[in-house]
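Sequence annotations record features per position, and here Swiss-Prot assigns domain 'Topo IIA-type catalytic' to 2-138. Annotated active site, O-(5'-phospho-DNA)-tyrosine intermediate per Swiss-Prot: Tyr96, in sequence order. According to Swiss-Prot, the Mg(2+) binding site annotation covers Glu186, Asp238.
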Amino acid sequence: MNRREIAINKLKSLGDVILDDVTQGRIPRIKVPSRGTSNIIYDEDKRHYVLGDRYGTRSMGNVKQIKKIGQMLYTANFCKDLVAREKTATLRELYYISEGWEVDFADQQESNIVGEDLEVTLGMTREELGLMPEEDGASVYGALTVREGDIEIDALRSGKSGYNISPTIDEVEFVDHDVERVIAVETMGMFHRLVQEKAYKKFDALIVGLKGQAARATRRFIKRVNEELNLPVYICNDGDPWGFHIAMVIISGSAKLAHVNHQLATPDAKFLGVTASDIINYDLPTDPLKDVDVVRLKELLQDPRYRGDFWKTEIKKMLTIGKKAEQQSFSKYGLEYVVDTYLPEKLEAVENQ
């Protein structure tokens, strides 16, 4: 079966569970894996967060849970119709469509949670169920050709902003590529700098502009090119706790998405910088750490994803110097410096480890 058929069957199975309970004279109920913090575990072998084995039960015998079950079934039926017709809807559209249901949502946050409940219950991503986020995927520039339906797209000939990653990235086929690595950067300012300086050619690389915190489609794209095309992934973000976090979500996933991290995380991705050591070694322009930065850095030290010596050293060093720096701070030495000097030195150091 293809992905569409699997999704339809799983969505139907949710209704079958209810019908079977009714037929057997039982109170209808649905088992939903718990997404509470006590059931979210960092798996040292997989190197990302996973869900534990705890489940919750939603029962129509509980008056407080009847509406939640109804919302879940209405949403599942809506998704089944979307997938069957090969259509998609945004999470915002789902919220407004529910206005016509007998069990509508109080706000979009409530509808988003039900979408996540479907994900974790069925073991499929919301994108596979036809539900799309509002945010754009990353921009990609480099020698990669993809096929979306019957359309082939060359990421070198898609304009200066490159190919925009589709929300339905699992339906995209990688046709051809002539690159040796992926360089993902946090800001679009740095993305355009690397494109202008032809970093894609100099480093035989796909340049990925993350646009801040990487969207799910972006993380899925990065994982796919890493695993399917065997391309090493390098991440270059701002040198602050937020840049560290953006990189780590790509590498080891997030606790919130523990149920789908196996499809989104790229544990072998490497963080190039900007590190606290870079701030010192390259004498970069800096800003002082704010109180919120210090608090966040101390939180990262307690996070199991940052247990490695590299991360501990860099986080502690940043706390010691009390400074942070942006990617664009390399412009102190000229616009070309980041491509001519910084990236070659960092790539050589990381690739020779």
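From the backbone N, Cα and C atoms, a Cβ is placed for every residue, glycine too.
Swiss-Prot feature annotations superimposed on the structure.
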residue : record                                                : DSSP class
Tyr96   : active site, O-(5'-phospho-DNA)-tyrosine intermediate : helix
Glu186  : Mg(2+) binding site                                   : coil
Asp238  : Mg(2+) binding site                                   : coil
Rounded distance in angstrom between the Cα atoms of Glu186 (Mg(2+) binding site) and Tyr96 (active site, O-(5'-phospho-DNA)-tyrosine intermediate): 32
Cα-to-Cα gap, Tyr96 (active site, O-(5'-phospho-DNA)-tyrosine intermediate) vs Asp238 (Mg(2+) binding site), nearest whole Å: 37
Neighbourhood of Asp238 (Mg(2+) binding site) by C-beta distance under 8 A, where only residues 6 or more apart in the same chain count: Glu186, Thr187, Val274, Lys324, Ala325, Glu326, Gln327
Average model confidence [pLDDT] within the domain 'Topo IIA-type catalytic' (2-138): 88
Candidate with the highest Cβ count within 10 Å, taken from the recorded positions Tyr96, Glu186: Glu186
Helix, strand and coil counts within the domain 'Topo IIA-type catalytic' (2-138) (DSSP): 71 helix, 22 strand, 44 coil
